[in-house]
Amino acid sequence: MSDNSQKKVIVGMSGGVDSSVSAYLLQQQGYQVAGLFMKNWEEDDGEEYCSAATDLADAQAVCDKLGMELHTVNFAAEYWDNVFELFLEEYKAGRTPNPDILCNKEIKFKAFLEFAAEDLGADYIATGHYVRRQDVNGKSRLLRGLDGNKDQSYFLYTLSHEQLAQSLFPVGELEKPEVRRIAEQLELVTAKKKDSTGICFIGERKFRDFLGRYLPAQPGPIMTVDGQHVGEHQGLMYHTLGQRKGLGIGGTKEGGDDPWYVVDKDVANNILLVAQGHEHPRLMSVGLIAQQLHWVDREPVTAAFRCVVKTRYRQQDIPCTVTPLDDERVEVRFDDPVAAVTPGQSAVFYQGEVCLGGGIIEERYPLPGSVAN
């Protein structure tokens, strides 16, 4: 066993089970371990869904149980400037951003990494992400987590090999039930705590109410792809491609009782376009263009290559061909049509277990013949 006793690791303690068990595993590996709780959002309303106080108490209880110090830091200003404002801009433009990816890039593996190294003297940071790191020829690669159901590499594709080299992911080698089992054996307060969902650091508040505070909603018509007016939407920003719930429209004589899905957003005219059936041709894409590219462990690609892509989290791998258009953009052609490819979301590329990198979906290629010009 390598001597880790001189190495200091700061674990990002979220108040959840994954970071709790990560801290314990690192202690078992002989590291000097301390925790850091990041406050990244200033609550302004004191409502019960702001769970930061509960999360901090849980993180403190875990650190007390493990005999670890817990530091706290406030990154709310960095979060607002580098994550939240961009998030709002994307919604204003009719796109659907992924704030968790931006938060990992700007906060967890930038602000936190710098603070841990410079202020706390850390050799490494650690998080409870379900990913693995592999060092090859002096560069760190990002690998999928061992638990295919929980793999979170999709959210970490913006990391550089330099950032990865300073990061540890202890639970990436485990499956989730094993993580919970360890927490239960240790009698950690987080053992049965449910996994967090919702916007990174904003928690599980009602998304529509939350967004409406910062962006004025503009109600408008819901139209079918055939030009029928079937309802009203409360704001395009509340809807995303492929969405089924919350449309408030029933079946039609022509389409029967098949559920309605959002197939497009006409931002210029404030129209929400819908069609019936989850495989409606208007919902399908044969490819996409991705921009703001990031390759984890290498320079920009210069030649076409084969790989698989995910256009959203927990999606099945999609075989595709990636062709560079320039250093900042690639064209992706799927082997088979894919539903609900959404501009603003990320396309993330893999070869086997290795996450190569990804980019933001700029535009999608509709199924030929599905859109009337």
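Every residue gets a Cβ built from N, Cα and C, even glycine.
The ATP binding site annotation in Swiss-Prot covers Gly12, Met13, Ser14, Gly15, Gly16, Val17, Asp18, Ser19, Met38, Gly128 and rests on sequence analysis. Annotated disulfide bond per Swiss-Prot: Cys103-Cys200, in sequence order. Taken from Swiss-Prot, the feature active site, nucleophile covers Cys103, and the record attributes it to sequence analysis. If you look up Swiss-Prot, you'll see His129, Gln345 marked as site 'Interaction with tRNA', on the strength of sequence analysis. Annotation source Swiss-Prot lists active site, cysteine persulfide intermediate at Cys200.
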With His129 (site 'Interaction with tRNA') as the reference Cα, tell me which of the recorded positions Asp18, Cys103, Gln345 is the closest one.
Asp18
Long-range neighbours only, meaning 6 or more apart in sequence with Cβ under 8 Å: which ones does Gly16 (ATP binding site) have?
Asp55, Asp58, Gly128, Thr190, Lys193, Asp195, Ser196
Test of understanding: give the count of other CB atoms lying within 10 angstroms of the CB of Ser14 (ATP binding site).
23
C-alpha of Ser14 (ATP binding site) to C-alpha of Cys103 (disulfide bond): distance in Å?
14
Enter the number of other CB atoms within 10 angstroms of the CB of His129 (site 'Interaction with tRNA').
26
Roughly how many angstrom lie between the C-alpha atoms of Gln345 (site 'Interaction with tRNA') and Gly12 (ATP binding site)?
25
Inter-residue Cα distance where the pair is Cys103 (disulfide bond) and Met38 (ATP binding site), in Å:
12
How many other Cβ atoms sit within 10 Å of the Cβ of Cys103 (disulfide bond)?
26
